[in-house]
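Visitor: My questions all concern the structure below.
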Amino acid sequence: MVSQPSVNIKEILEQVVSTKPLVYHMTNMVAMAEQAHLTLAIGASPVMSLSSEEAAEMVNIANAVLINIGTPSKEANEAMLSAAHTAKRLGKPAILDPVGYGATKLRINLVERLLETGAFSLVKGNGGEISLLAGERAEVRGVDSVGSPPAAIAAKTVAQKYNCIAAATGPDDYVSDGERVYVLRSGHEWLTRISGSGCWAGTLMAACLSVTEPLPAAMSALSLMGAASQIAAEQSDGPGTFRIRMFDVMYQITQNPHAFSFPQWELMEV
């Protein structure tokens, strides 16, 4: 390990609050409402739609686009592809969250078609999803990673393969630009006891991506998640109260980031 990277997390969070970016979510039906609540809690503005008829228009007005394939359907898939092509054409910052990639042929084909557009400057997923995108074998059950090869190597490979920033989330989070790999060891174990926490990370990344470059956006978002999870866990009795407290704590942090400390990223030798 060597020294941590220079990322001004507090300044990035302040910019999100001051600019109130519009984040276009094309996301799954399980986490959609909470992602909208979270977007508002951190000072940004959400718009949620899976309609192919308005996808291009939504991309045009958005400051960042998040495509999450968690609950695919024919209509949603067409909308996502339309949005990806439009984001590429307009140069809008876009994130792909390939939820459950590898679980079915439908998800594999959809993700491959989305990546072929070249629209995504940031790809995030859990260790299993990122490992499969890297070309490694890993078992995926539902949308949870069951087992994977080292996520750090997988993140670096995906970043190189798709010319993007890649983030692999898990007990340890890894972010890579294809040359360097950074690790963050901070998330509380209760994040694995609630559905949608990975989707929340996508929302945070999209909000940050609207005001900064992909690498600091991913790192700032995951640092916020890590810091908030530790504070929220101290104030909670279990996963249920923890889930609610996460929204309150992330609101408090983004309103006054200088009053909080954030977990530190480290540069790995991979």
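Every residue number used here counts from 1 along the chain in the order it is shown.
Quick reminder: no glycine exception, Cβ is built from N, Cα and C everywhere.
Pasting the feature list from Swiss-Prot:
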BINDING   MET48, GLY196  substrate binding site
BINDING   LYS124, THR169  ATP binding site
Visitor: Provide, as an integer number of angstrom, the distance between the C-alpha atoms of GLY196 (substrate binding site) and THR169 (ATP binding site).
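Guide: If we compare the Cα positions of GLY196 (substrate binding site) and THR169 (ATP binding site), the gap is 13 Å.
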Visitor: On a simple 10 Å Cβ count over all chains shown, which one of the binding-site residues MET48, LYS124, THR169, GLY196 is most densely packed?
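Guide: Of the binding-site residues MET48, LYS124, THR169, GLY196, the most buried by Cβ count within 10 Å is LYS124.
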Visitor: Determine, to the nearest whole angstrom, how far the Cα atom of MET48 (substrate binding site) is from the Cα atom of LYS124 (ATP binding site).
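Guide: Their Cα atoms are separated by 19 Å.
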Visitor: Please report the three-state DSSP label of THR169 (ATP binding site).
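Guide: Note: THR169 (ATP binding site) is in a strand by DSSP.
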